[in-house]
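Here is what TrEMBL records for this protein:
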| type | residues | note |
| --- | --- | --- |
| DOMAIN | B:131-412 | domain 'NADH:quinone oxidoreductase/Mrp antiporter transmembrane' |
| TRANSMEM | B:6-22 | transmembrane segment |
| TRANSMEM | B:29-54 | transmembrane segment |
| TRANSMEM | B:74-93 | transmembrane segment |
| TRANSMEM | B:105-125 | transmembrane segment |
| TRANSMEM | B:162-181 | transmembrane segment |
| TRANSMEM | B:201-223 | transmembrane segment |
| TRANSMEM | B:304-324 | transmembrane segment |
| TRANSMEM | B:383-410 | transmembrane segment |
| TRANSMEM | B:430-454 | transmembrane segment |
| TRANSMEM | B:475-498 | transmembrane segment |
| TRANSMEM | B:518-539 | transmembrane segment |
| TRANSMEM | B:642-667 | transmembrane segment |
Amino acid sequence: MNILSLILILCASLFFTGIVIRTKSILSGRKGPGIFQPLKDIWRLFRKGAVYSQTSSYIFQIAPSIYFASVLIAIFLIPVGNHPGIISFRGDFIFFAYVLALGKFFMIISAMDTGSSFSGMGASREALYSLLAEPAFFILMGSFALLTGYSSFYEIFSALHFGSSISYAVGFLAAIVLVIIALIENSRMPIDDPKTHLELTMIHEVMILDNSGFDLGLILYATNLKFAMYGALIANFFLTPGYEWYYSIPIFIGVQFVFAITVGIIESFMARFRMNHNPQYIFMLTSISILIFLGVLLILGKIA
Amino acid sequence: MNVISAIIIITIFSTLLLTMVNEGWKGNVALITVLVNGVISSSLAVPALQGVFFDQVLYGGNVIGQIPIRVDALSGWFILVMNFTVVTGVLYGRQYMKHYENQSANLTLHFASYMINHVAMIGIYCIQNSFAFLCVWELMAISAFLLIIFEHHKIETLKAGINYLIQSHICIMFLTFGFIWVNSFTGSFDFNAITAYTSSVSPAVSFTLFLCFFIAFAIKAGFVPFHTWLPYAHPVAPAHVSGMMSGVIIKLGIYGILRVLLLIKGDFMTMGYFILVISVITGVYGVMLAIIQHNLKKLLAYHSIENIGIIGIGIGLGCVGLGLNNPFLAFAGFAGAMLHTLNHSLFKSLLFYVAGTVYQATHTLDIEKLGGLIKKMPQTSTLFLVGALAICGLPPFNGFISEFLIYSGLFKGISTGSFFSTSFLVPSVFGLAIIGGMAMLCFTKAFGIVFLGKERHLLPTLIREAEFQKLFPKYLIGAMIIIIGLLPQVFVKLVTMPVSLFLNEYNLSDQPIEFSRILQWVSMAAVLFILLCLVMLLIKKVVTKSAEIDVAPTWACGYALPSPRQQFTANSFVRPFRKLILPLLMMNKKEGEIKGVFPGVMHSETHPYDKLEATLIDLPLMHLRGFIGRFKFLQNGNPQFYILYGVVFIFFIIALPLFVNAIVYVIELIKEIGK
């Protein structure tokens, strides 16, 4: 049954961006496209031909596939409730973070491969933001390692149960951190506006300006997968052990749904930050993680 | 004939032979000598790694006394790590030096120094008599100096070389001080005297002794703030020497610290925290400065500092583990540190060799001038990419494995430790994570600007792929990088023996097994990842088989004639980051003023400088120079004066006891009056 999480995440990824877009269109009073429109777009891209830049080399051609594979393998590591991921070992979240970083490394250099100044700009920002977000994730996982005494996704999540009021606060903060990390990793509001039409203010979109056809489809679908993956991580906070699958699957779906709507709401009501305010905002995540860490110390009574 | 005399005789013989053969053969002589010495020393190291330690005592004359030659597992591991890089170094250097075939005498000196340096390093790893140790250490320092100043007609090379020489000798000064300290209390030059001495004194005293050794070895290894020689010496040396220095010579410092930790009996907690703090600072500071460098080799040199920081975090973690009586932590820390020593020596030498190839092809190391090399040198570029991915610690390459071990240890320490220990370990996790992120920023910049895009500058020469002999050693290293990345469990078994030296009080059976089980999973995940990548590429190939593929210019927002100069530059790439950490940096900016309505040509220059170097080295040096300058009149070049100084000195020496006697007499007199 270890494949359960993979199946669930893949299913969630099919709906995720659709729900986000649907929420946005309802909130802005538009009719908006159907829930499956993003998937249809991707499907259309898969069947299209491609245009490659004269400047680009083989890096540009292999990068999207490697990026996609990195997201997939990261999903393999995610547990759902009682079921560990396909791969699960002590310290798997280190592998998780680093394999995602590998995908990002390739996307960054593929952006630079085109020789476009716009792509380079996006690449530079992406590299900076991911470097700032990285410590937050590790400190978050460190706090949970401290709380539970384990160091793998599966063990941490199955040992995690909330008792005191502080632990609820910690869980809430952790969910916030993960939501924001997901937004940063997927280059959504308020860090980056995926719908902007000005190259100078783009981050992720400008990196993939030159990608087309199958490659672009892969990159777009990887974004969906990443959303569903972070949604699954958040869902795991609420899947305490002992639940049977007929409880955990609805909870999982519910959390994904709420997450998608939250993203939609954030994107409808928030404006994008000025570019030079982004680092502060992202670095704030690390301080929240440190708060979580202190909270955990409080729970364990290591500081009084 | 024993092993030691064999190595010495072979080296002397080939040094003599080197002077007789013609230029084309000098490299080969060095290669054969290094190979033979490598095989001989490995023949001691391999059994040592399996637990059969080599122990022999030489008689070194009346002054030195007994010289114990001991090759234990720690020495064995370092000897093997060193031999690999030294061999690939000479394989590559032999080709690299073909550009300088007209400088016959210089070449002889260079290759002789190379062989002697190798032998001196073997000596450092084996000799456990402090007196003899200092001799080989000095030999190593001087031969490395000769290697660095190969291009000694350039003023900056000489400057960097002398900077290195002076700092090496400060290192030797601290070493000498430490050894004399121990010797004055025990009367022995044997390393074991350190153990004997430190188990008889209080922990505070042994910590001070440790500090003395640590500073000495930290200068060699390049821990901040003792790192300032490194970014000068690496860029000016020939590429294979930079690779070897970064891969091997600075690791002597790491070996020294580990050896001292093995010998000193003291409070491991304090030492561990101390090393952790210094290492995190080293790592973060090193990579921070690496990002803003625009000289490819200087960038790599700063990355060595960063990696020393990572190794240091491992060592610190190991010590904390020993202090906490937690064998898991200690194993993860020391094993991570030792594996990272190997890993760093691999990818860093690879990157330096590639930088050398780039330099010989383009005659520049300025990142801003390069670009688009991947189309002209595809193999070289791919090798750089492998090195870059490995140095960022990304799976499935070797850098990830050692960082993974250190991370696992840190998380384990966090989940089991006290408030006090976690307050050290969490910042270390933070440091390690941010080091990883910054390394990624740095190497996407380096790879992206140097190899991708279009040429940013009209280069004078025709650029071609390097010939096979130059690529071969790099492929060798690249293969090792991937093998370690895919089969980490094998290499963890290899370091079990050296690590167990630190953990001899514990029964080391569970940790290695547990780690090799975890690493088996890591290796599986890595293989799975590669397979997934291949599957994705295959799917892409199948799906897009019938699709139309077009080639067109890069999209430039509708602008039809983008020139290569419009590409993103390295400087702009790191600008957001630079702005962020501006208070910690020192950017010397030279900018002309804009004049008139139609301004003409403008120049703007930025030179990043090391703020720590400015405050810790340059400033005291300036004051020292100012102070010493007051006595310049003494140095007037007149022989009469020098004879006078001599006479004054002799007079002073004779008069001193008399003077002291007089004072003692006066004091006694006063005492008597006081009665």
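From the backbone N, Cα and C atoms, a Cβ is placed for every residue, glycine too.
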Same-chain residues at least 6 beyond the ends of the transmembrane segment (B:518-539) whose Cβ lies under 8 Å from its Cβ atoms: 395-396, 400-401, 404, 408, 485-489, 492
Contact yes or no, the transmembrane segment (B:105-125) and the transmembrane segment (B:74-93), 3+ Cβ pairs under 8 Å, gap 6+: yes
Other parts of the chain folded back onto the transmembrane segment (B:29-54), taken as Cβ under 8 Å at six or more residues beyond its ends: 3, 6-7, 10-11, 14, 17-18, 21, 69-73, 75-77, 79-80, 83, 86-87, 90-91, 93-94, 111, 114-115, 118-119, 122, 126, 494, 497-498
Segment proximity, the transmembrane segment (B:475-498) to the transmembrane segment (B:383-410), 3 or more C-beta pairs under 8 Å: yes
Non-local residues, at least 6 beyond the ends, that sit with Cβ under 8 Å of the transmembrane segment (B:430-454): 280, 283-284, 287-288, 290-291, 296, 299, 303, 306, 309-310, 313, 358, 367-368, 370-374, 381, 384-385, 388-389, 391-394, 403, 406-407, 410, 564, 567-570, 573-574, 577
Distal contacts, the transmembrane segment (B:304-324) - CB-CB under 8 A, six or more residues away: 221-224, 227, 230-231, 234, 246, 250, 253-254, 257-258, 261, 267-287, 289-290, 330-338, 340-341, 344, 348, 391, 402-403, 405-406, 409-410, 413, 416-417, 421, 424-425, 428, 431-432, 435, 439, 502-503
Residues of the parent chain within Cβ reach of the transmembrane segment (B:642-667), under 8 Å, 6 or more residues beyond its termini: 634
